[in-house]
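What Swiss-Prot says about this one:
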- Cys38, His63, Glu64: Zn(2+) 1 binding site (BINDING)
- Thr40: active site, charge relay system (ACT_SITE)
- His43: active site, charge relay system (ACT_SITE)
- Cys93, Cys96, Cys99, Cys107: Zn(2+) 2 binding site (BINDING)
- Ile175, Asp195, Arg200, Leu262, Gly263, Ile264, Ile286, Tyr287: NAD(+) binding site (BINDING)
Amino acid sequence: MKALSKLKAEEGIWMTDVPVPEVGHNDLLIKIRKTAICGTDVHIYNWDEWSQKTIPVPMVVGHEYVGEVVGIGQEVKGFRIGDRVSGEGHITCGHCRNCRGGRTHLCRNTLGVGVNRPGCFAEYLVLPAFNAFKIPDNISDDLASIFDPFGNAVHTALSFDLVGEDVLVSGAGPIGIMAAAVAKHVGARHVVITDVNEYRLELARKMGIIHTVNVAKENLTDVMANLGMTEGFDVGLEMSGAPPAFRAMLDTMNHGGRIAMLGIPPSDMSIDWTKVIFKGLFIKGIYGREMFETWYKMAALIQSGLDLSPIITHRFSIDEFQKGFDAMRSGQSGKVILSWD
């Protein structure tokens, strides 16, 4: 079967031919319809320091997808041939304390699809049936293919009660924009998103986010004053991993504010910890999606009217995968979809 693989320890992704994976007793065989390119895939393409430490070569990459069940392991129940599915990309052990306690997303033995085991940039994917999620009929293939990053956005945004709250989102990448859209959809009062990339801020506006701030040109505190905010933000969603953005968030949080962090800053990032202590801030780290509460919420948000379609900006056939990676690497894209049909 055709697959996109990391074949060499250098920059690039290559189309290759690999065997169709074998289905285990507890697995599903999924025929891939559409995949989306993640920022993680770009890191792997670029062969940066993280990738060099993490990715075994060769490796079929990719973890954002939708497909059709075409094979079922003999121990699997609850799925039928023809079911349309996406799936949780974190394969958990099932026997650690967190797994047994129902906190599966915190499994210390997690393996990543397309990172530690073969991924979805292929004609077929084998996945434990436990990890598969059936896609409702009224959700399109395009939207289903981005459930993985949408789940990151939902998990981050819904970490705290947002109704009537003022929310700051730092980082207008696709996940940050989707998190801002979720906050607005569920009843936040003012939702402000910051970045230095004007293309991404315009994309946020297309997604219905009114208050977009280019911090290279505008002062965030001036925007807050124009909105009549006198006490700071109640909730911060840090999606950028940029130290200046996190420091600005700490400066503008209200006392008792709550921050969810999905962006990954440099390990040597320094902050003024007195702002955390004396403001009584609560900071929560976010990794992946809650299994599977986040997945049900994703479907419900779309079914209740949340429109994510503007976040998908580019579509290519799988044979044009290089154009897709070029678009993602340019910084001038939202989500990029690759069709395998």
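Glycine is treated like the rest: Cβ placed from N, Cα and C.
Here the features listed in Swiss-Prot are placed on the structure.
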residue : record                           : DSSP (3 states)
Cys38   : Zn(2+) 1 binding site            : coil
His43   : active site, charge relay system : helix
His63   : Zn(2+) 1 binding site            : coil
Cys93   : Zn(2+) 2 binding site            : coil
Cys107  : Zn(2+) 2 binding site            : coil
Ile175  : NAD(+) binding site              : helix
Asp195  : NAD(+) binding site              : strand
Leu262  : NAD(+) binding site              : coil
Ile286  : NAD(+) binding site              : coil
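With respect to their backbone Cα atoms, Cys93 (Zn(2+) 2 binding site) and Tyr287 (NAD(+) binding site) stand 16 Å from each other. Of all the binding-site residues in the record (Cys38, Leu262, Tyr287), the one with the smallest CA separation from Cys107 (Zn(2+) 2 binding site) is Tyr287. The CA atom of Gly263 (NAD(+) binding site) is located 12 Å away from the CA atom of Thr40 (active site, charge relay system). In the three-state DSSP assignment, the secondary structure recorded for Arg200 (NAD(+) binding site) is helix. In this structure the alpha carbons, written CA, of Cys96 (Zn(2+) 2 binding site) and Tyr287 (NAD(+) binding site) are 17 Å apart. The binding-site residues considered are Cys96, Cys107, Leu262, Ile264; of these, Ile264 has the fewest other C-beta atoms within 10 angstroms of its C-beta.
The DSSP secondary structure for Cys99 (Zn(2+) 2 binding site) is helix.
Considering other CB atoms within 10 Å as the measure, the emptiest surroundings among the binding-site residues Cys93, Cys99, Ile175 are those of Cys93. Residues near Thr40 (active site, charge relay system) in space but far in sequence (CB under 8 A, at least 6 apart, same chain), listed by position: His63, Gly114, Val115. Ranked by Cα separation from Ile175 (NAD(+) binding site), the recorded positions Cys38, His43, Glu64, Cys99 are led by Cys38. Of all the recorded positions listed here (His43, His63, Arg200), it is His43 whose C-beta has the fewest other C-beta atoms within 10 angstroms.
Cβ neighbours within 10 Å of Gly263 (NAD(+) binding site), excluding its own Cβ and spanning all shown chains: 19. Note on Tyr287 (NAD(+) binding site): other Cβ atoms within 10 Å of its Cβ, all shown chains, come to 14.
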